[in-house]
Structures are given as C-alpha cells and as structure tokens.
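Read the structure below first, then the notes.
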Amino acid sequence: MKVAVLGAAGGIGQALALLLKTQLPAGSKLSLYDIAPVTPGVAVDLSHIPTAVEVKGFAGEDPTAALEGADVVLISAGVARKPGMDRSDLFNINAGIVRNLVEKCAATCPKALIGIITNPVNTTVAIAAEVLKNAGVYDKNRLFGVTTLDVIRSETFVAEAKGLNVADVKVPVIGGHSGVTILPLLSQVEGVSFTDAEVAALTTRIQNAGTEVVEAKAGGGSATLSMGQAACRFGLSLVRGLQGEANVVECAYVDGGSEHAEFFAQPVVLGKNGVEEVLAYGEVSAFEANARDAMLDTLQADIQLGIDFVK
C-alpha cells in the first residue's frame, strides 16, 4: 500500500505525515512531496521513527516520482488562512495548485484514491473532477473532499457539552466544508438530547471552528494539527477499505448522486473501489432541514466556481 502526501512540508502535511508514519499498516510506503526543498529532510526525520513504514521525500516542481504506484493521494498543498480571510479567499492561489497536482495524478496514478484537503474544498474538489474528466480518467468513486475535521470537531464539542466519552460520540456532518455549508446532524447523536439553543450554538461553533483557531493563532497559522489528525483518520479509512475491511464508513464530500448538489458531504461506505455505497443521511430535524436548504445556493455557487476555473 502506497500513500502519497502532496504538500508534505506544510503544517498539515507534516502533521499528517507523522501520524501516517506511526499508524499505517506495516509494509506500507509513505511518499512525501512538496515544492519546498526541505521535503526530503522531513522524510529522513520521519524515517528515524521505528515503524515498518518506508518513507521517501521528493521536492521540486514535479511530483511524478512521488506519485508513481500510489494507491492513495492526499493533497494538502496550498496557502493557509490568515486572520480576516475566509476559505474562499484562498481560491485564487490554491485553485491553480490543485489543478496542477491533479493533472499529475491523472497522468501518473489515474486509479489512485484522491483526497482533497486544500481549501476551499467545496471548490477544489470540483476543480479536481473537471481535470480528471478532461484527462479521461474521472471515476467519481475515487475522488473525495476530506471533511473529517468537521466530524471530529463535532464529536469533540458534543462530548464536552454533554460530559460524554468522546470515543462513544458519533456525529454525521453533511453539506460542504465551509461556513454555513457545514451541517452537523445533532439530532442523530444517540443517547443525548439538545435544546434548540444548544443546537444553534453548537452548530455555529462547529461552522466557525476554523476561524476560532486562525484567530487564536494570531496570524501564526490555521488548523494544522487537528486537520492532520482528521486527514490521517480519513486516509487510514481509505486504506482499510482498499484492503477489504468491511463496514468502513466516513463522511466525505463526494459526487454521490445527491439530490441537493453535484458534490455533497454525507456518509459513504469505503472499499476496494473507493466509494462502495453512498448512504442516505436519514431523518433530520426541522432546524437541520432549514439549514440544509439555506446552504444550497452557497454550495452550488462554490461548485460552479471550480467548474468554471477549469473551463
């Protein structure tokens, strides 16, 4: 099993690479790429950790060597948010980065499962899809927007609010991966009830959690460590699915035939072909239904922005 991380010298990329080095199955290969010249050194640093995961690092303009034979590609390359920016402000720089990297994936590892971490995810996933279509290798079951950070934040905040063991808390999150498009389905959390005020407050906190981190870091970065953990969880789930493990379910932003938008985050079953099944997200509360319907114009505009960028 070979996993490639593109953007591996950045804050998310280094955190993700560390976690994958310690958690990938024995015998796996971890391939790190970044434009930054430090990247081979990051690989050497990680190679001193005593796990049976082989690490190689590649730097420069061309990621081809890092991508050869990759089963999973996780893309975190791009610029990070600064105070006063929202995820859409990142578009002008990150759109081109994602386009160029996915073009290389299409040429080098067209069957790989691709997880897009680079923001704005609502738009960058649409860019990736158009690039893969243009290359004639698009498979909607092999492209994912990684929204796992919204899920782990939801689990953490619900557990804190209700005094629960966070390991027992499961919160599906649907929609997209920015602002109002992030919709935690708190009505589906088992064994706990919320007042209307709690639902509104928790939903808003989950939607704005990225900004909470950006502001707390006072210009020194965005959510890199928690995002690294979220991306590792999702990447390991992709690997487990590829290895044939049953009942691997994660929420992800996919082209899954949703009635709501071309791309929509919802629970999916992961397997040897990527998405094996898109699961219905089930019954929602009136609050959630209203929030879902209210987000759709924003989500569809984000998607169209990505389509138009490639055309």
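Any Cβ shown, glycine's included, is placed from N, Cα and C.
From a predicted model like this one, the values you see are computed outputs, not experimental measurements.
Residues GLY7, ALA8, ALA9, GLY10, GLY11, ILE12, GLY13, ASN94, ILE117, THR118, ASN119, MET227 are given by Swiss-Prot as NAD(+) binders; from ASP34, ASP71, ASP255, that same site also lists ASP34. For the NAD(+) site listed in the record, the two most distant Cα atoms among GLY7, ALA8, ALA9, GLY10, GLY11, ILE12, GLY13, ASP34, ASN94, ILE117, THR118, ASN119, MET227 lie 18 Å apart.
Annotation note: THR118 (NAD(+) binding site) sits in a coil segment as assigned by DSSP.
The sparsest Cβ neighbourhood within 10 Å, among the listed binding-site residues (ASN94, THR118, ASN119), is found at ASN94. Packing around GLY11 (NAD(+) binding site) is summarised by its Cβ count: 18 other Cβ atoms lie within 10 angstroms of its Cβ, all protein chains included. Nearest neighbour of ARG153 (substrate binding site) by Cα distance, taken over the recorded positions GLY7, GLY11, GLY13, THR118, HIS177: HIS177.
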